[in-house]
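The transmembrane segment feature in TrEMBL is assigned to C:6-26, C:33-53, C:59-80, C:92-115, C:135-157, C:188-207, C:213-232, C:239-257, C:263-283.
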Amino acid sequence: MVRLEPRRQHSQAMVYLSPVLAILMTLFVGGIIFSFMGKNPFDALYTFFILPINNSYGISELFVKATPLVIIAIGLSMGFRANVWNIGAEGQLTMGAIFGGGLALYFYDSESMFLLPAMFVLGAIGGAFWGGIPALLRTRFNANEILTSLMLTYVATLFLSFLVHGPWRNPEGFNFPESRPFPDAGLLPVIYDGTRVHLGTAFAVLVVIAGWILLSKSVIGFQLRVVGKAPQAARHVGFRQKRMVWFTLLLGGALSGLAGLFEVAGPIGQLQPAISPGYGFTAIIVAFLGRLHPLGILFGGLIMALTYLGGELAQITLGLPNAVTGLFQGILLFFLLACDVLTKYRVRFGTPAAKGEAA
Amino acid sequence: MTGGSKPAQLEVRGVTKAFPGCLANDDISFRIEPGEIHALLGENGAGKSTLVKIIYGVLQADQGDLLWEGKPVTIHSPHDAREMGVGLVFQHFSLFETMTVLENIALAMNDVRDMAALRQQVIEVEKTYGLPLDPDRHVYTLSVGERQRIEIVRCLLQNPKLLILDEPTSVLTPQEVEKLFETLRRLADEGCAILYISHKLHEVKALCQKATVLRGGKVVGGCDPREETAKSMAEMMIGQKLTAPDRSGTRKFGDVRLDISDLSLISDEQFGTDLKGIGLKVRGGEIMGVAGVAGNGQNELFQALAGETEIIGTPDCIKIDGDPVAHFGPRRRRRLGAAFVPEERNGHGAVPDMSLSENGFLTAFRRMALSARGLIREVPTRSFADKIIKTFDVRTTGASAEAGSLSGGNLQKFIVGREILQDPGVLVISQPTWGVDAGAASAIHQALLDLAAKGTAVLVISQDLDEIFAICDQVVVMSEGKMSAPRPMADVSVEEIGLLMGGLHDLDGDVTLKTKELIEGDRVGQA
Amino acid sequence: MDWLIPLILTVITASTPLLLASTGELITEKSGVLNLGVEGMMLVGAISGFAVTATSGSAILGILAAIIAGMLMSLIFAFLTLTLMANQVATGLALTIFGVGFSALVGSGFVGFAIEPLPGLHIPLLTDIPLVGEILFGQDFLVYLSIVMVIAVGFFLSRTRGGLILKAVGDSHHSAHAIGYSVIKIRYMATMFGGAMAGLAGAYLSLSYTPMWAENMTAGRGWIALALVVFATWRPGRLLAGAYMFGLISVLQLHAQSAGVHVPSQFMSMLPYLATVIVLVIISSDRAKIRLNAPACIGQAFRPAQ
């Protein structure tokens, strides 16, 4: 008989071990799924997780994919810490791309060095605007931010579709639903020649460091944690929950917006109907994989980026459907949540000490 | 007693129950005869609640037997217990706020019967035992006393042979307690055995014929409470001689430091109590007690004083050292020298998942300068926690231990210590020793007395009259959101406070006459 | 009148999946469990129903498969949140992410398949009544089932002891445990009922609404179903009204366009999502009402205290 026994104190070892355990279990289950699909599990896992990064270009692509994931996940993790469940990062990313990208399209023949910084600002504003709506609705009208932020994602995606099919369609573009390409002054410089690693990647590293200071060292980060762990204690000492809702949704929105802008001003170079393969949703997993800690998120982002690369490669070389990526991500999140129990509880075998209902 | 003609209603034989890290019940044995009122005495953590849960089938013993009318029984669930004839009145009521009285009763009945018949039975039992209740009222509209009545009625409906009451009087006024006792005596006369769990020794003395005393999970003795004094039983419970708090030295009161005037407030809680024109002045050096039955506005008062509820528009209704603060949040009030300790430790006074270091930072970061330029200063934060731990003898592995890993008494010492070390001018503390062992309780009482001696105005909100009599200089009573006029501790009796708790707001003039009238009125009401 | 009957018919088909899924979630939430994975459970139900129907040729088998698939999905959720006490919000999201991936993977082999849509009833005479005949008596049986289920749930909650116990568990799990109810077991059952209904809702989409499989074909309906439960303040009667109101909004765009309203299609497509936000805002701002009707323990993990 297996039962759970509460620990007096959270296990520090398990805090680090449980994500590793979750990854191993995901690989194991992944192998089983591959063999069900008639593939050699070891070949498939190799293709999925090793082959994409066995050369330097592959590694650089890993950074490219990890960049938006890390930036968004840092923002989301602040919210999750404070019990603010922003799951609309995909929409905030889209709005950031629309705002910042719109500027690039308006000045499509600009050569100004100020264009790019101005796009950054507008991208962040666009994302923060889209994140601010659920914040307003939650603080003012008590509306659940999970549902509102998600609904707004559908709205943002449709709005982008409208723009690139309509007013922002490239007049010289053979009627494809795409905008003009951004001018060079509106493109992110590549920071490592021969790759697609762009300025945004450097920014992501900065965000990690800033996020770490904010969360672990600052009074605001302390407030976030108290609001999330013990709302009544927060109220008792005057840490205002509403302020945290605003702060985390605006921050999460701004970072998602920036990530979206980096995508369109970086690897993509224009606006098109699909600008993200679900980075905004995957970032939720990244945040949990990183245990809502900025440094953990950095690693989590790299691992999830690998599932994207592996998925693409598996599609090309093994003929596996792209959906395998999403499946892996979901399974990983399940195992992460399941392994989380180990930080608070010990698993014991034998006769129960207490009559546990769940046994 | 043993091998007598009639078997005991319940005999507990060598019951042992272990939880991770603690032996809650260690070889416990005792017996209850039919018609006997038997007290189970012990401090918090002595193992009383665990034993009750075993008898009621919520938990299973690791070792030992239960004998019901002489036969060994295994009680797998509360359902089984009720089937046998065990009724339990819970310490923290097991009621559902948004449901009606009748629905609540139906949920705790084993056999499904139709609601109309049940309603009839409920009304009959109420009549028989004088426990008036409207079956269609929603629980959230009821007072604490009425809620307890639901629990009792639903036990009585099952014709129990053993009725267990777990700390039933902690929420009642002294007059309500007397009424409860009448009901219990009557039940006992009818042959029902009663297991009465309490740490209130006066009550045990007045009600019970036998007592079993638990300490640290073990039976440490038995007695006839009628032949003992409260003091002797207390010493059995605690295992050492009692020392009263040191109140030596003449108390000098200074200027008014906490000034509450005409404080009215609509509660924003779903089932809360509105405050109505509260007025109170607490001077430096004075300990003011706020007595009252739970749910009469004490939580709302605490929240209003601590700034959890801000009162916009009338800043003057709360003043700290002369400064109007009612419109301020907690942080600005604390900056003016006020400190607050809420009733609930876990999740309100402290964050259980955070370290003691961080919990020290929680309320003290401004006053103790533990932050600079928006960042946490690690070293002073840690040494502040270390200082609390050392000064107040908090038993823990160190400042990085999580608050949730401490025992109730130690965490309470940490929280009280955290506020006292900030050298507050005004301290508002709610239920300072609720659920705390005797050692920690007397340490906390002493710390409050010492703090007042240094010139702090202390407001103690407590349901425990013994506590109020032990440390306070004056007392006010809250009832239905209103507050009585303050009375010096020296010339007020438990009975008077009891009457005030029951809703009489003015004790000036001929007290004895009014008391008499009230009691008489009560009798008439019962008949 | 020519346009009215087709409009009513499309409203019914658009409302039915919402009604099925939200009826299930209502029971789940009444027990104190917040399962945000409705979207994922619907998708897995949709592909399971479609795949089994397409390979076996039997819609009944397909529907059963969808119900079982939905229940299995909810079982994953229940195990994680009830047994392992994982965070319900995060686990619900995981369920949706998993469901999207899993259904897309299984469904990749079924894109472009065609099946017979579920047949509508045909009761001689009744169905042939002009105007109302087809609306009242010509639907497929899932439509009737959805209405029967919401009425049954309403009866269960307000009139039966089982309903009383379910509400008690959602209201105060500690009290329910103390008087001897098995909180975890009851929540398992409520969660699985929610899963079964979500699976059924998915099957309705892939077998009747659009008899085909497409990735992400639920298009947020699972989330709208969640919002509907809040909209209905956990009351089945209002759920029925709400589902049909949303059905109306979501088909209005098609009819508006054919009626010559010149708004870009994307804006029309936004309507259901915007309506969800607006409805949530209106209902949620009445805090007292939400607090009185919402199960007090919703989303909280339960571990019996010692």
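Counting starts with 1 at the first residue shown.
Glycine too: its Cβ is placed from the backbone N, Cα and C atoms.
Of the two recorded stretches, the transmembrane segment (C:92-115) does not lie close to the transmembrane segment (C:6-26), with fewer than three CB pairs under 8 Å once pairs fewer than 6 apart in sequence are set aside.
Panel annotation: around the transmembrane segment (C:33-53), residues 17, 21, 24-25, 59, 61-70, 73-74, 77-78, 81-82, 88-89, 91-100, 102-103, 106-107, 110, 113, 115, 187, 190-191, 194-195, 198-203, 205-207, 212-213, 216-218, 220-223, 225-226, 298-299 of the same chain, lying at least six beyond its termini, place a Cβ under 8 Å from a Cβ of the stretch.
Across the candidate stretches C:6-26, C:213-232, C:239-257, the maximum count of CB pairs under 8 A to the transmembrane segment (C:135-157) is reached by C:6-26. Distant neighbours of the transmembrane segment (C:6-26): 35, 38, 42, 134-135, 139, 142-143, 145-147, 149-150, 153, 193-198, 200-202, 204-205, 208-209, 218, 221-222, 224-226, 228-229, 232, 234, 236, 239-240, 242-244, 246-248, 250-251, 254-255; these residues of the same chain sit at least 6 beyond its ends, with a Cβ under 8 Å from one of its Cβ atoms.
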